[in-house]
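Take a look at the structure below.
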Ligand SMILES: CC(=O)N[C@H]1[C@@H](OP(=O)(O)OP(=O)(O)OC[C@H]2O[C@@H](n3ccc(=O)[nH]c3=O)[C@H](O)[C@@H]2O)O[C@H](CO)[C@@H](O)[C@@H]1O[C@H](C)C(=O)N[C@@H](C)C(=O)N[C@H](CCC(=O)O)C(=O)O
Ligand SMILES: Nc1ncnc2c1ncn2[C@@H]1O[C@H](COP(=O)(O)OP(=O)(O)OP(=O)(O)O)[C@@H](O)[C@H]1O
Ligand SMILES: N[C@H](CCC[C@H](N)C(=O)O)C(=O)O
Ligand SMILES: [Mg+2]
């Protein structure tokens, strides 16, 4: 494709000579002859330092800040070069799936995109999701390493999926992804907001900044005339609704305060919950085979996205009854020798931990035993908050390690323990901590192993010294239960 054609499609003037474009790259090591290189100032590197090397490797154009020096290639200059790069790249990556929806929020993105994918698939659509679990289709799941992949990976995956015949994609829009313009370009029919609570305050200065980053989804990313599906029962919902209104998007609110899907009643059952809802004036009762208020919220937001993009109500709500567990989200891993179920969940924020504990509470007749930790090189302020929530909500709380990365593990645990009272326990080794919880669990007890969910490793060290030690909470829970004579 010619550079001039891409400029025309992106509504830009070409100030320089035309050339054949063979691809796009944001890492100079991936530049080949004919590449358009995006040179961005990042947290660790200044991409502008690599412009000469990129041009040397054959870059025909460079998208960079106006002050950047570009010699030997066309310079597309913009104060927000990541946004301009996305605008130029989008017309190159075609076709893309017809129906795209994006989900933002502190917690529930992965669950919601995966449940949306399941609902579409049950409606007979070729569907995929992109997020923390990777690029997932009915056949496979391929990791990208990030929740929201970089713009080139994102667009290339969309094109790959479209070529395989996938017509519907739901993807996660993390606040990092939104603020770095990793998911711009294609037409996004609907966006969803799940909730906002403390996380990532190492990256965003304040909660308001964090929220503003997320609101780019409604302010800019969802297409004109698209729909905002908003969980209405969160403290930040009203503000999210205001953003959607200001942009003129169609509103579809979900929850006890929702108008699109109103949640009228919710009763936990042995293996799930009964939901009483109203949609377009019609009352419906749905037996959702997933436990916890948070999973009900995510399932209904997913249903909202499906309805907002043309789903038929009877079929959609019928499919909600057949949803299956999302990997690592209140996933029952094993049963302890005494008969206590052991659940694995990805709660790694205070709000999520509270939600995971609340999900299990109705299923506990004895004690709720929680094993959890907080990640290194991430928001430190959330650590005592996580400790407080666990101390208040669980009957036994064991603090352990969860990806210490470049930090001293005992220092992270100490910050978590600072939010807890006298009874808190500390077992750094995660395997030993899970083992202790399983050994201790008696009849009527429930064990929650929180923080790693689907993750397959314990990340230790950083930079050149990073090591990922294989570790899977589900496998370890099974091993511990098995060793002790459970299943
Ligand atoms: C803080 C952050 O978001 N960093 C991500 C971001 O880095 P950055 O833009 O700051 O880039 P940088 O490493 O400083 O480099 C600047 C530029 O120079 C380029 N470069 C760099 C080195 C080189 O030799 N050549 C070169 O061209 C880089 O490609 C980049 O364009 O873009 C990089 C390329 O896509 C990502 O790999 C990197 O993710 C790091 C590893 C990371 O840990 N990110 C986490 C925090 C993250 O993004 N998490 C979110 C949220 C998770 C959640 O939902 O909770 C996610 O979406 O996954
Ligand atoms: N709607 C919700 N409300 C409160 N907590 C939730 C909600 N959905 C999920 N959680 C909690 O957050 C955890 C992570 O859920 P999920 O992976 O769906 O979120 P995410 O937004 O994708 O997270 P990440 O930011 O890591 O990508 C769950 O295991 C659960 O403990
Ligand atoms: N996307 C999240 C994942 C956290 C998972 C948890 N196990 C941890 O390492 O803190 C983050 O990067 O903050
Ligand atoms: Mg996720």
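Even glycines carry a Cβ here, placed using N, Cα and C.
For 105, 106, 107, 108, 109, 110, 111, the entry in TrEMBL reads ATP binding site. Neighbours of residue 105 (ATP binding site), defined as other CB atoms within 10 A of its CB across all chains, total 28.
The feature meso-2,6-diaminopimelate binding site is assigned by TrEMBL to 378, 402, 403, 404, 405, 451, 455. When other Cβ atoms within 10 Å of the Cβ of residue 404 (meso-2,6-diaminopimelate binding site) are tallied across all protein chains shown, the result is 23.
Annotated domain 'Mur ligase N-terminal catalytic' per TrEMBL: 21-74, in sequence order.
Summarising the annotation, TrEMBL assigns domain 'Mur ligase central' to 103-305. The average pLDDT the prediction assigns to the domain 'Mur ligase central' (103-305) is 96.
Feature annotation from TrEMBL assigns domain 'Mur ligase C-terminal' to 328-453.
The local packing around residue 214 (N6-carboxylysine), expressed as other Cβ atoms within 10 Å of its Cβ over all shown chains, amounts to 26. DSSP assigns residue 214 (N6-carboxylysine) to a helical segment in the three-state reduction. The N6-carboxylysine annotation in TrEMBL covers 214.
The feature motif 'Meso-diaminopimelate recognition motif' is assigned by TrEMBL to 402-405. Residues 348, 372-378, 412, 430, 451-452, 455, 458-462, 466 of the same chain lie 6 or more positions beyond the ends of the motif 'Meso-diaminopimelate recognition motif' (402-405) yet place their CB under 8 Å from a CB of it.
Set side by side, the binding-site residues 106, 111 differ in how many other CB atoms lie within 10 angstroms of their CB, and the most is found at 111. Ligand 3 lies within reach of 378, 402, 451 from the binding-site residues 110, 378, 402, 404, 451, judged by a C-beta closer than 6 angstroms to any of its atoms. Each of the binding-site residues 109, 378, 405 was ranked by the number of other C-beta atoms within 10 Å, and first place falls to 109. If you take the Cα of residue 405 (meso-2,6-diaminopimelate binding site) and the Cα of residue 111 (ATP binding site), they are about 25 angstrom apart, rounded to a whole number. In this structure, the recorded positions that sit close to ligand 4, with a C-beta under 6 angstroms from any of its atoms, are 110, chosen from 107, 110, 214, 378. Assigned with DSSP, the residues of the domain 'Mur ligase N-terminal catalytic' (21-74) fall into helix, strand and coil as follows: 13 helix, 14 strand, 27 coil. The two recorded residues, residue 110 (ATP binding site) and residue 455 (meso-2,6-diaminopimelate binding site), show a Cα separation of 13 Å.
Looking only at Cα atoms, residue 404 (meso-2,6-diaminopimelate binding site) sits nearest to 107 among the recorded positions 107, 108, 214.
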